[in-house]
Structure formats: C-alpha cells, structure tokens
Amino acid sequence: MWNSQQADTEHLTRWKKWRRTSSKSLKKALSEIKGLSSYLVLWRHDIHSIEGKFGTGIQSYFSFLRFLVLLNFIIFILMFSFVILPTIISKYGIFNSTVAYISPKNIEDICTIYEPSGNKGLVYFYTYLKDLLSGTGFLEVTSLFYGYYSIDAVWISMMRYNLPLAYLLATFAYLALSFLWIIKRSVEGFKHNLVHDADPFQSYCNKVFAGWDFCITDPNAARLKYRSLQYELQTDLQEEKLKQKIAERTMKEKICIYSLRIFINIIVIAILSGCFYSIYRVTVFSQENSNNADNANSPVNLLVQYLPSIVITLANFIGPLIFSFLIRFEEYTPAFEIKLTLLRCVFLRLANIGVLLFSLWSQISSCGSDKCKPCGYNYKLYPCWESDVGQEMYKLMIFDFIVILAVALFVDFPRKLLVTHCSCKLIQWFGHKEFEISDNVLEIIYGQTICWIGTFFSPLLPAIATIKYFIIFYVKKIVLIHTRKPAARPIRASSSNFFFLVVLLIGLLLAFVPLGVSIAYIPSSKACGLFRNFSTSWEVIPDTILQFPTGLQQVFFGIASEAFAVPFFVILCIVMFYVIALARAHKRVVEQLREQLVLK
C-alpha cells in the first residue's frame, strides 16, 4: 500500500515538474519572440534617436504618426478585401456578377443619366496633370471613386456576395476599428497620466532612483536614455516653477490676466467666424462655376476647383499662427498651452471640413425651382454626388500633402540657409524656430479626419493616406534634425500622447456626423454606384433583414425597437455607475496605502 502511494506521489511530482518545465520554456520562447518582434516595429531606431535628441514630447508626435500609418494601412486592407477586390475581379469576368439596375417605373429616366468626363482621343500632359490633382477625367472612372462600383452582387459558385451590404458594413467596420483602437490607446495613456498626476514627488523619485535601465550596454543607447530623463526632469521643474508663479499672483494681477484672456477669446471667436463664412461662400462659388464647359481644360478652371481647398489651407495655416501668438499673453503652463492651442486649432480645422460638407450638401439638396423634385437631389449639377464629394475629399488630401512638402522645401530649408550664412540679427531672430508640436499634430489629425469621411466616397483614400503619412514621417524627421532647435520649454510625452488621442477621437466623432447624414438622410444617386436601387444607402440593411427567416427578422427588429433600447440603456447606466464607484473605491484604497507608507 505504502509503495503504491509513493509511486503515485512520484508520478504526480514528475507530472508537476514536466508542467513547470514546459511552462517556463513556453514563457521563455514567448519572451524571445516578443524581444525579436520589437526589432520589427516600424521606425523603432529613428523614434528612439529623436527621443534622445529632442525629448519625449516630440518623440510622441512621431509615435503618433506611426500609429496613423498602421491604422490607415489596416483600413485599406479592409476596404480592398471586401469591396475593391470583389469588384475588380468581377469586372474582368473571373466571377459571375449582376449590375445594379434602376427600373424606369421607380424613377424618372433623367435621374439615371451620368456621363463621366473620362478623357477620349488625344490628351495633353496638362490634362493628365489636372485630372491627377482634381480627381476628374481618367481618375473619375477608376476604382478610386464611388461611381466606379456598380456591381450589385457577385456569384461565387452558388453563394451570392451582396456587394452593397459589404460596402456599408466595411464602412461601419473601419469606423468601429478606429474608435476601439483609439479608445484602447487612450486608456493606456490615461493610466500613465493618472499615475503622474497622482503624486508629483513619487514621479520625481521614480525618475531619479528607478528611471535608468541598467540593461543598457550600448553607449549610444545610454546617451539617448540620459537625454530622455534629462528632458523629463526639465519639464517637471519648469511646470513646478510656473505653478509657483501662478500661486503667488495678487488679486490685481489675476483680474488683469482674466480680462486679457476674455478679450483674446473674443478675437479667437471672430477669427473662426470669418473663416467659416469665407469657406461657405467660396465653396458655393466653386461648385457653381467649376463645371463651365467653356474653360473646362484651362488653368482657371483648376484654380476654381481648388478654391475651397486653398481657402481652407490658408485658414489652417494663418489661424494657428495667430493662436500661437495670442496664447503667449495668456500665461499658461507649457502642457496647457499645447492643449488649448490644439483645441482652438481643432475647432478651426475640423469645423472647416464641416462647413465645406455643409456647403456641398446645401448645393446637393438645393431644391429651388424644383431642381431636385424628380430625383430627391440636384441631379443636374450632381448626377453622381457621392463621387463629387469623394473628389472634394481627394483634393483636400492632395493639396494638404503638397502644402506640407512646399513648406518644408521652400520655407524651412531656405530659412535655415539664411540663418547659417547671414549674421543679420533680424534674420537670426526669425530663423531659429522650434518644432511646434500642436501645429504638426493638427496637420495629421486634419488629414486623418478627411480620410475617415472620404473613404466611403473614395475607397482607395486610406492607401493614399498611408503613403502620405509614410513620406511625411521622413520629411518631418529631416526638417526637425536640420532646421529646428530643441524646445526651450520641454513637453512631457505622457500627457501629450493622451491628449493627441483625445483630439483624434474628436475628429473621428466629427466624421460620424457627415457619414451618418450621407448614409441615412441624403437620397443615393440613381445614375451611379451600388445603392442606386435604394432610396438611401442605409436601406440596404432592412432590405437584407427582410430576406432572413421570420424568427430572425423579429429578433433584429426587436433589437432596434424602443422596448429593447430603453432597458439596455438603463442597464448600461447602472454598469457605468458601478464601474465609477469601483474606481473611486480603488483610488481611496491607494491613497490610504500611500499614507501608511509615509507614516512608516
């Protein structure tokens, strides 16, 4: 009996040893894979180098740019796999397909006339260049724009692939993916922010006593880490110095500074109002005069087409300069200066896009003199309005990219040459410039918002955005290293990363509004596209549900009813309040533990 128990015990011991050994080997293998995968991270060495030379604040901008490159690439893969590829292979006859067709009984014939301005016959180089910049001509009839996608269904053997439904679901998928990814990164940044803001003294101790990585053996890596810690400490000391200065203000000084801030905010509101009105008037003028057949191929027509993009870019360029100048008189901390400047520039840049789209929709839905009575929209000016909106988004993205390159080539580098070879005091003062994090972040958030809005109307726009941001990374890196000086007041990366993502989230939420209006409210074009059989793009969802079995239909319609929505909202609120209460309880426990540690 005893021998039997001893054998069982030995067997179990061997089993536990094997499990423990296997677990250690697996963890070691995963750790090695993770270590090797870190070398495959895009721009890893470049970003570490920037962090060491210019601080974590500027490094956070380039990390943010890398995130957008990966995000746009995944969005492109999504749209290409589910929308673009099935359409292209069907056009070449690899699979059977049916073309969306409008019955004359349902709509008037005049609504189905769409003649894209594709180039025919002898075409000059200028015409190709104009088409490339404006998205018209040969580009209008390619897979770049919505009007190209006219296939209603693709048959793979006996399976029917519903392309309109796939198009709409892919749109919802890339918006949901962007939202969840931004939220995930924001939560991580919020945790770092919370830890830093909870106890400044603890933050100093962590940097001084636990900030160094003793595994570093490379001299270059050690130098980069040293500079990174140095910039972090400089940032903390600078902020504490300003907080002390603010705390020592007299009542008279407080009244003066608050009065000045109110006056500056009135100026900011006036600037924003002027920009919005200018964009509205210019967009209406451009739409009414860009289709003039008399000067269709003249440089004047290209200028008229680009007028909204030019005015928006000027507003985006001049507005932040004025905001950056005005905020110097408001005496905020460096971190709050970046946040407030970003917020003002966000309202300027993103609201500019909103005003442009509002101006376009006012023209598309303009029903004066019964222009849109037969079709529900202005079919004479916009026979395929989705492609027209896509062209506007395409022009905004291309022009924004051109401006970024032009500023680097014709402003930043000439300024550096003048500073290097001219000793004039005025040029020396004007030439040395810091890397403005807020302006550069707003540039890429503005472009990303255009991409989110425009992808529904131009499915290849994420690919263009990926290439654009990939090039911008190297352009900005060269500009930073060769033409910029380190910031006089360093910026902390943890707060910057979190705030960048919050502003990006604002841009995404703004993109929901025009896309929601376009999908659910404005009638879809009857002359082009996948949704010509439906009154709106959203109608494909209930039409698909009606093809399901009766039981499944009742489930979906029940989920969409008030009887489900109200209890779901109540339960969601209860869960949210529970999580908030739990977080407060955990915070109190942490504070009590800190007090106990101080007493010991």
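Heads up, the Cβ atoms here are built off N, Cα and C, so glycines get one too.
For the domain 'TMC' (384-494), the DSSP counts in helix, strand and coil order read 87 helix, 4 strand, 20 coil. Positions annotated as domain 'TMC' by TrEMBL: 384-494.
The annotation transmembrane segment is assigned in TrEMBL to 67-89 (among others).
Residues 71, 74-75, 78-79, 82-83, 86, 149, 452, 455-456, 462, 501, 504-505, 508, 511-512, 515, 519, 530, 537-538, 540-541, 544 of the same chain, all 6+ positions outside the transmembrane segment (165-183), place their C-beta atoms under 8 angstroms from a C-beta of that stretch. Annotated transmembrane segment per TrEMBL: 165-183 (among others), in sequence order.
Taken from TrEMBL, the feature transmembrane segment applies to 255-280 (among others).
The annotation transmembrane segment is assigned in TrEMBL to 306-329 (among others).
Residues 133-135, 144-145, 305-306, 308-310, 312-313, 317, 353, 356, 443, 446-447, 450-451, 453-454, 457-458, 461, 464-465, 468, 471-472, 475-476, 478-479 of the same chain lie 6 or more positions beyond the ends of the transmembrane segment (393-411) yet place their CB under 8 Å from a CB of it. The feature transmembrane segment is assigned by TrEMBL to 393-411 (among others).
The transmembrane segment feature in TrEMBL is assigned to 498-522 (among others).
Among the features that TrEMBL reports, transmembrane segment is placed at 564-583 (among others). Listed as Cβ neighbours of the transmembrane segment (564-583) (distance under 8 Å, sequence separation of 6 or more from its ends, same chain) are residues 558.
When each of 67-89, 306-329, 498-522 is scored by its Cβ pairs under 8 Å to the transmembrane segment (255-280), the top-ranked stretch turns out to be 306-329. For the transmembrane segment (306-329), the residues of the chain that approach it from at least six positions outside its boundaries are 133-134, 260, 264, 267-268, 271-272, 275, 278-279, 282-283, 285-286, 337, 340-341, 344-345, 348-349, 352-353, 356, 359, 392, 395-396, 399-400, 403, 436, 438-439, 442, 446, judged by C-beta separation under 8 angstroms. Sequence-distant contacts of the transmembrane segment (498-522) (same chain, six or more residues past either end, CB-CB distance under 8 Å): 60-61, 64, 168, 171, 175, 178-179, 182-183, 185-186, 189-190, 192-193, 338-339, 342-343, 346, 350, 353-354, 357, 361, 364-365, 377, 385-386, 389, 441-442, 445-446, 448-449, 452-453, 456-457, 536-538. Across the domain 'TMC' (384-494), the model assigns an average pLDDT of 82.
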